[in-house]
Amino acid sequence: APVPQVGTNLTDLRLPRKVTVRELGGCMGPIWPSYYSECSALLFVVDASNPSQVSSSCIQLLSVLSAAPLASVPVLVLFNKIDLPCYMSLVEMKSLFRMQDIVSCATQPITMLETSARDGTGLADVLQWLRTTLKDPC
């Protein structure tokens, strides 16, 4: 079963060209800015099954979106854990995050998807977003 990321992890994907994904857990937030200059696209993962984390996740997202080095970096917000019975729907998460306001004020393009790391739901859409965003042919 997937566990929360508490450190850093590097993964290479072929889309078909090689893309390196750096995963930084939420507790690593203080060091995130040191990686912004290397960032071509940003995936921001939110636990859609944990309503008690919504406010802190929203604050972290706003902080990332306001960082100057990320002003034009495309962002994909992933509402994860939709396989759990207690998950909040995309409509609920958009409302709680006030995503309409965030998207209208952001300088970068923002896309939102629902995913499940456990069963793979939404993974094809994430890979397609990466291919399109990073200008790879399908």
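Even glycines carry a Cβ here, placed using N, Cα and C.
Listed features, source TrEMBL:
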- Gly26, Asn80, Lys81, Ile82, Asp83: GTP binding site (BINDING)
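Structural mapping of features recorded in TrEMBL.
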{"residue": "Gly26", "record": "GTP binding site", "CB count, 10 Å": "17"}
{"residue": "Asn80", "record": "GTP binding site", "CB count, 10 Å": "21"}
{"residue": "Lys81", "record": "GTP binding site", "CB count, 10 Å": "21"}
{"residue": "Ile82", "record": "GTP binding site", "CB count, 10 Å": "22"}
{"residue": "Asp83", "record": "GTP binding site", "CB count, 10 Å": "16"}
